[in-house]
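What follows is one structure encoded as structure tokens, with my remarks underneath.
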Amino acid sequence: MVQVNENYLKLKAGYLFPEIAKRVKLYSQSNKNAEIIKLGIGDVTEPLPRACIEAMGKALDDMGTTDGFRGYGPEQGYAWLREKISEHDFISRGCQISPEEIFVSDGSKCDSSNILDILGKDNSIAVTDPVYPVYVDSNVMTGRTGDALENGTYQGLTYLAINEANNFLPELPEKKVDILYLCFPNNPTGATINKEELKKWVDYALQNKSLILFDAAYEAFIQDNDIPHSIYEIEGAKDCAIEFRSFSKNAGFTGVRCAFTVIPKNLKGLSSTNEEIELWPLWNRRQSTKFNGVSYVVQKGAEAVYSLEGKKQVRGLIDFYMENAKIMKNKLQNSGYKVYGGDNAPYIWIKVPDQMTSWDFFDFLLQKVSVVGTPGSGFGLAGEGYFRLSAFNSRSNVIDAMERIINI
């Protein structure tokens, strides 16, 4: 009989969001008339930008002609999209990222997991706590951790707590760590980091020859001018960081699927014989072998994000969701809740009432007012006592949900 990858057996009972779905399903089955409002998973609700729809429609028409048909595309992504990304997302902010250093993909979730394919298994790893679960689970699946402990953490990982005491900004590791996962604006806490603080991480990585895996999936939601949108705004970051970006939240591509990863050409790692190896060729080889590229139609839709009309429409989507976040934060704060995030990110991070755990508060909101959020403990040990609400929903649902919660 075939042997299984036993690393999967080390995973905790269930991925956070399937567990939420299971509880919601049980509740809805016994409360068939309940009007459930879901503010849990960060999935968008508003239609795609018209510029993207028109671009994809034209691309489909192109595919119906002999001259316009496209088969397999380049694994790295079409040059015309990578050029737009380079110009608008990086060069415009003073980051010297070339189109050649950009790899178009079908999701930053995939890339932040798949990047482990080109990194050795003996690297030491640090994650924030709480943390986006994918960073931890992907390391467990590939055998980079020990067993799960009773408190839900894994042997072999370094956890960097983020909480009220440190303004949800992690402290630098006390010892040398090879791989550092950072996500800003942060999921789940909604916290942001300024250039001075981010420079400390870049300096640490350069000093220790560490690699930063920087998730900037929510950079488009930044409102404050002094907050960096890219780690490459920090001098030296091209020598120590890989950045993940996505069209999912800013342009509503969660169901369309398009993202990109930046791997600078001069970024290097070490072989077992201490030979310096460039990471770009390794990732290019990995993608060429395991990935067929994002469809021509989808990439044309992504290109339209950078058109004049596309930019206006994307800005409209971002403003809509951030107004939702503002409404949520104001309503909850005015009713006595301690609330964080929501100013430069589409997530609200709530301190749950005393005597309740995160899952207690989840069940409380579900049973009392049919509102679904995400228990903070699902993001890590330090997330216990907190609760995440997403601003990705209709305006009427957001207002209704807040009225239900504050009137319990």
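Backbone N, Cα and C define each Cβ position, glycine as well.
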Given that Swiss-Prot records Tyr72, Ser108, Lys109, Tyr132, Asn187, Tyr218, Ser246, Phe247, Ser248, Arg257 as binding pyridoxal 5'-phosphate, the matching residue among Asn31, Asn33, Asn284, Asn292 is Asn292
Candidates Lys109, Tyr132, Asn187, Arg388 (binding-site residues); nearest Cα to Tyr72 (pyridoxal 5'-phosphate binding site) turns out to be Lys109
Expressed in angstrom and rounded to a whole number, the pyridoxal 5'-phosphate site built from Tyr72, Ser108, Lys109, Tyr132, Asn187, Tyr218, Ser246, Phe247, Ser248, Arg257, Asn292 spans a maximum Cα-Cα distance of 34
Going by C-beta under 8 A and a gap of 6 or more residues, the same-chain neighbours of Asn292 (substrate binding site) are Tyr72, Glu75
In the three-state DSSP scheme, Tyr132 (substrate binding site) belongs to coil
